[in-house]
Structures are given as C-alpha cells and as structure tokens.
C-alpha cells in the first residue's frame, strides 16, 4: 500500500495512510492471533524449514496458505582480478553508453574498451575456437603471453636487422611515441579464457600498426579498424567507423573510396592475426611475414616512412 500511495500527492498520501491505519491494526492483531495458535505445531516448523528456500516459501494459517517470496539473487563473484560482473541489462546500458561516448570523444580509451567488451558477444567464442584450430593459437591460449614493457627485450629488438618485424615494431613505437603499456585491462567479460582473447587482441593491436607501418592519427586508425572487422569480426571495430563523420571531407572520401576497400579485401584474405605468436617472430623478415599472412600494404598516405632496404651483393 505504501508503494501505491507514493504515487499520489502528499496530502492524498497522508489521508490514505490515516484511513488505512485502523485496517492495518486490525489485520496485524488477527494475524498475530492466528500465528500464536499454530506456533508450536508442525505447520510452524514447516514454515521455518521452507523459509530457508532462496526463492520462495509458504506457511499455513488456519488452513489457508500464504506465500512469502524472497527471490534473493546472489551477485556473481569476480572470476579474475579486475573482473566486474554485469547483468544483461547492465551490459546493454554500458554498451550503448560507451558507444555514444566513444563517438563523441574518440580519445576516451576506457569507453572504447568498454564498448569492445560489451558488444563482443559470440565473436570472442568464434575467435577462441579459431585459435584452438591453429598450432600457434593453441600455444597462445595455453601459455597466455603478455606484451608490455616488462616482457619485451628492448635491447634484442633494437639489435635486429632493419627489415625484421621486431626492428619495425620498435621503430614504429619510437616514431609514434607510444608505449605497449597503454592498453586497458579487461573488466566486463565473464569467462577468463575469453577475457584473455580480448586482452590479447588489445595488446597485439599495435603490432598490426607496425606490420603495415600505419600512423596513429584518425584516418589510418579507422582504416585499421576496418581491417580488424573483416579479419577478426569485432562489432566495435565496425561501430568505430561512425567516427568518420569527424574527418574532413577529403579524408572521408579517401577513407571510403580507398582504404575501406583495401581493408575489406586484405582483411578477408588474410590469416586470422590472433593466431600469430608474434613474440616468436621478431626476427622474421617483414616482407616474408606479409606474404605468409596474405596481407599487403595499404594505399599511400597513412604510413610512416620506411627505411630503404639495401640488398648487398
């Protein structure tokens, strides 16, 4: 009754409570009398036993059955450090909100990350299964390597020959002034193995940049997102293309006229890049790696200058 009354103006609510008070008093007296009459009976013991049920319980008073609904729902416990369990409703709200915020401010890495996690859905399962079908992918899932400044051997990478992938990676980091420690940790994916798949994608994203020599400005980033959508299938990477409305008209025309077609063809033709054990390929020739993966360079204008390769006789 109190819930119903709260929808009325204050004066009406006061009047309603005043009218109902004698009725409540009479009802409580009757209920107490009935309960006292059965307190020592088996019916009372049944009530105590049923009250332990987490969903609902019932008790009898003078042959009449009444139901007491508790409907208690325990909050899921975190499955790994940093995990924040969400209900389906909370996941949906966060997906919509983070997508809007990502379009409004593309620099909000936390919102981009949240959008990626809350919209991933069955894509992560598909990618995990694809990794399990690959020898390299299976070892990645088993060993769960991480890519950050603590796990990388910087001296070794800088000492590699010029056209190797490892040397290209550190050159890209230096040219773009970024660090491998800038990726957000995963929070909203319940399954720990699938959470690692998402974390692996985030930590290898910069390696895709290095593979193609892409800059970190808006146009090359959107081109790479289009490549990732066709190669990996994350919905967030397709949603991010909505940010193209913020580009200048000539840039937007090049994006949809040149770079999106390149991304669609190259990404769909390439091997799934999540199955690549990048840490074992630092010394591989960059051109041979692209040929093995089935990828090729994007149209000119969005890559960092590449050192000239001198082949000694």
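Our numbering is plain: 1 for the first residue shown, then up by one each step along the chain.
Note: Cβ is positioned from N, Cα and C throughout, glycine not excepted.
Because TrEMBL annotations are produced automatically, they should be read as predictions rather than curated entries.
Look at TrEMBL and you will find 205, 206, 209, 221 tagged as Zn(2+) binding site. Residues within less than 8 Å, Cβ to Cβ, of residue 209 (Zn(2+) binding site) and separated from it by at least 6 positions along the same chain comprise 172, 176, 216, 220, 224.
All protein chains included, residue 206 (Zn(2+) binding site) registers 21 other Cβ atoms within 10 Å of its own Cβ. Residues 207, 208, 214, 216, 224 surround the recorded Zn(2+) site, their Cβ atoms falling within 8 Å of the Cβ centroid of 205, 206, 209, 221, which are themselves excluded. When Cβ atoms from all protein chains are considered, those within 10 Å of residue 221 (Zn(2+) binding site) total 18, not counting its own.
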